[in-house]
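Asker: Taken from TrEMBL, the feature transmembrane segment applies to 6-25, 40-61, 67-91, 123-148, 154-180, 187-208, 267-291, 311-329, 365-382, 388-409, 416-435, 455-473 (among others).
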Amino acid sequence: MNATIIIVAAIYFVGMIAIGLWAAARTRTSADYFVAGKGVGMWAIALATMSSAMSGFLFIGGPGIHYQFGFGTLMLTFPAAASFAIAWYLLGKRMRLLAAVRPMMTVPDAIHARYDSNLARGLAAVAILLGVIGYLATQTLAMGVIMARIFDLAVWQGVVLGVAIVAVYATAGGMIAGIYTDVAQGGIMLVAALITFVLALETGGGMGNMIQTIGANDPDWVSPWGNLGPGIVIGWYFVFALGILGQPQVAHKFYMIREPKRMKWGAVVAAAAAMVTSLVWLSVGTVTRYLSETGELVLPMADDAAPQFMLQYAPALLAGVFFAGVAAASMSTADSFLNIGAAAIVRDLPLAFGREPDAEAQLRWGRIVTVTLAVAAGGVAIGSGQLVAVLGIFGWGTFAAALAPALGLGLNWSRATPAAAIASLTVGVLLQVLLELNAALGWAPDLLPGHVYRAAVSFVLSFIVFIAVSLVTKPRTLAADMEAVMRA
């Protein structure tokens, strides 16, 4: 590995650890640890929501799955502009108002405030834990791939190194560290994405030349559905456009905004940043497939698309910035999910059973659980044998199916009932898990057509159950503060 790449990456890692240590000095309460003290500016939150959602799923998983399956995979990333706007306009205001009238720290707190149901809170916590493991595994595997390329390690060794770095700053500084590393990492991601996009187009002789060459050998790859078929692609678009309403790594950051009056600009900043970073998915995935078709590039595995392209075709300094950007993308999301998962275990589940740990215990156990989750996710990443993007698609789909109806629709529809929230959370979680297990173990191979995105089925049925149960059950009278939030 080129020394310049190693030096740039090492400077980045030292910087992230320094932010964690700085944040540790400012982390004195559980509110500091889980919601950054609710004092973060709009620009920081906008970049943080983008970087935590786009992640290593985009920088490593995106080019890899695009290289393998073609243009149909763009339906995983093209909805980004619309989805961030949807999240900010439908969730942002109400989540921030909730934080103003009640002590909000987690997404299950919002579920409990809306429905006054400990069971709904507990189910939301379980859903979050399931999704967190999948999404954390995505990030740790992406980190493993990039660490392996930077330091000439095996992927499993790269996973261990990446997990160790994230665990240090996430455990020490909690969400204060998470937010400010997200901001730094979001900036790196934007710079890396723009430069890499230009390099990819120059290397491939322009997008038109690449598409023409690939299409001559594999016409399906360059079609709107790629090599996947419309069932999967349409399902991806639907779930990734609307499923953001159930993504806790995005939703719970709205609690932290210091200046609610400026929130309207957050949607613009987050959406624009997401569109720019999505260029990596399109350009690197296409150029590596083009280079593979012409015999200039051989990839050991699809997830090597971005790293191998940068190593062979980019100047060393640019490659170093890109690798730092990939690490940034993965680590920013990993630290968010470590925080969210720890909160689900040490705060939300005990509250669901009527027990409230004191703030000191939440802070202490939050740090212990953060390390435990990091190790568990690393183990899943090493043992799964899946592409980075596949693990990310599972995590996103789990959150969308379980949480989007009760959270996204529930905070905007006064007719929604506690029974509906409980029913949709149960259906979303169970159906998603059962469909994934069925696909993995082959219990009923003909249960769904082969070219159907399983999470789309769970997502749609969860929404149907939520609406139907709300219409046939009686809503509770909302508390005065909750009613004011709903009417705002």
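These residue numbers are counts, starting from 1, taken along the chain as shown.
Each Cβ is built from the backbone N, Cα and C atoms, and glycine gets one as well.
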Asker: Sort out the residues at least 6 away from either end of the transmembrane segment (455-473), same chain, that have Cβ-Cβ distances under 8 Å to it, and list them.
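Answerer: Sequence-remote neighbours of the transmembrane segment (455-473) are 234-236, 238-239, 242-243, 393-394, 396-398, 400-402, 404-406, 409-410, 413, 415-417, 419-421, 423-425, 427-428, 431-432, 435, 448.
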Asker: Need a quick answer: max count of Cβ pairs under 8 Å to the transmembrane segment (187-208), which of 40-61, 67-91, 311-329, 388-409, 416-435 is it?
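Answerer: Answer, by Cβ pair count: 311-329.
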Asker: Using Cβ atoms and a strict cutoff of less than 8 Å, what residues sit near the transmembrane segment (267-291) while being 6 or more residues removed from its termini?
Answerer: 42-43, 46-47, 49-51, 53-54, 58-59, 62-67, 70, 73-74, 76-78, 80-82, 84-85, 87-89, 92, 186, 189-190, 192-194, 196-197, 200-201, 203-204, 207, 209-211, 213-214, 221, 297, 299, 305-306, 308-309, 329
Asker: Using a cut-off of under 8 Å between C-beta atoms, tell me which stretch among 311-329, 365-382, 388-409, 416-435 contacts the transmembrane segment (67-91) the most.
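Answerer: Answer, by Cβ pair count: 388-409.
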Asker: Going along the chain, which residues at least six beyond the ends of the transmembrane segment (311-329) come within the CB cut-off of under 8 Å?
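Answerer: Residues packing against the transmembrane segment (311-329) from afar: 2, 4-9, 11-13, 51, 54-60, 142-143, 146-147, 149-150, 162, 184-186, 188-189, 191-193, 195-196, 199, 203, 277, 297.
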